[in-house]
Amino acid sequence: MVGYDPRANHGSPTPEEAALAGSAGGMVTRALISPFDVIKIRFQLQIERVSSQRREGKYWGIFQASRSIYSEEGLTAFWKGHIPAQLLSICFGAVQFVTFEFLTKMVHKSTPYDSRTPGVHFVCGGLAACSATVACQPLDTLRTRFAAQGEPKVYSNLRYAVSTMWRSEGPVAFYRGLSPTLVAVFPYAGLQFFFYNVFKQLLAPPSKSKDSGGNVRSLICGSGAGMISKTLTYPFDLFKKRLQVAGFEKARAHFGQVRTYTSLIDCAVQIVEEEGIRGCFKGLSPSLLKAALSTGFTFFWYEFFLNVLCNIREKREGQMER
């Protein structure tokens, strides 16, 4: 079970175990879902309508966008920005799960609340994700810019991107879009942990039966939790992406129209006025696919690697006792 559980056979995981399991889970998940992320970002940054009925912009559907990216930029385009994205996933997974395990344990031992309840998981999950977001925001901005650029590339590699952004835009460039990210990440991550907890309890086997299919159940519960939480908080993710590419308009020119936003409120107002309410949900389809796979695999691999590490610890402790 994700989070502190006093009844767990392995006992509470150490911070090192939670960090390693979170990092490994994030790394594997990122490699698998990167293509969906690239397509989602392209949709989010397109000013024109994303619609197969009214084909105004460069991209108007998932399969059309996939074919277009593949034919124009090659197969590797689906992993553009993969290095900063992997660094982001490794860092985010480690900080988020270490903080979550710590917070749920602290709540259970220092307050009258039970750490296994969905409400505790919502609050602790949101706070854990906020901590990870602040720590990893520069990597998220770099990932977005690499995924957003077409050909010819503006940034040839990670080192060049960092130095260019630092010289031309200053350190604040790495934290563009942080405010909508924090506004969105608390309920988004909180709802992920909340619904994952609810689904795990609903699908838990009877207490007397043998617990089989635990890993598959984690994947299913995580996928459901990811889709619900993503739908409810999606506009903030789109606002964040638009703000992160501010000052990057030259690389976006051949994709279609570009806009400049001065703040989160200005971004939201301009999008609603020019693109309508539906504009706030551009890229939702690939995003839901990504959220289902990403959240499902994140919890799946976290529990998998955590069980492996806990089993190794138990064997070592057993050998030492002998």
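The backbone N, Cα and C atoms fix where each Cβ goes, and this holds for glycine too.
What TrEMBL says about this one:
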- 1-20: region 'Disordered' (REGION)
- 13-106: repeat 'Solcar' (REPEAT)
- 116-202: repeat 'Solcar' (REPEAT)
- 213-308: repeat 'Solcar' (REPEAT)
- 291-312: transmembrane segment (TRANSMEM)
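Residues in the repeat 'Solcar' (13-106) partition by DSSP class (helix H, G, I; strand E, B; coil) as 73 helix, 0 strand, 21 coil.
Helix, strand and coil content of the repeat 'Solcar' (213-308), in residues and according to DSSP, is 80 helix, 0 strand, 16 coil.
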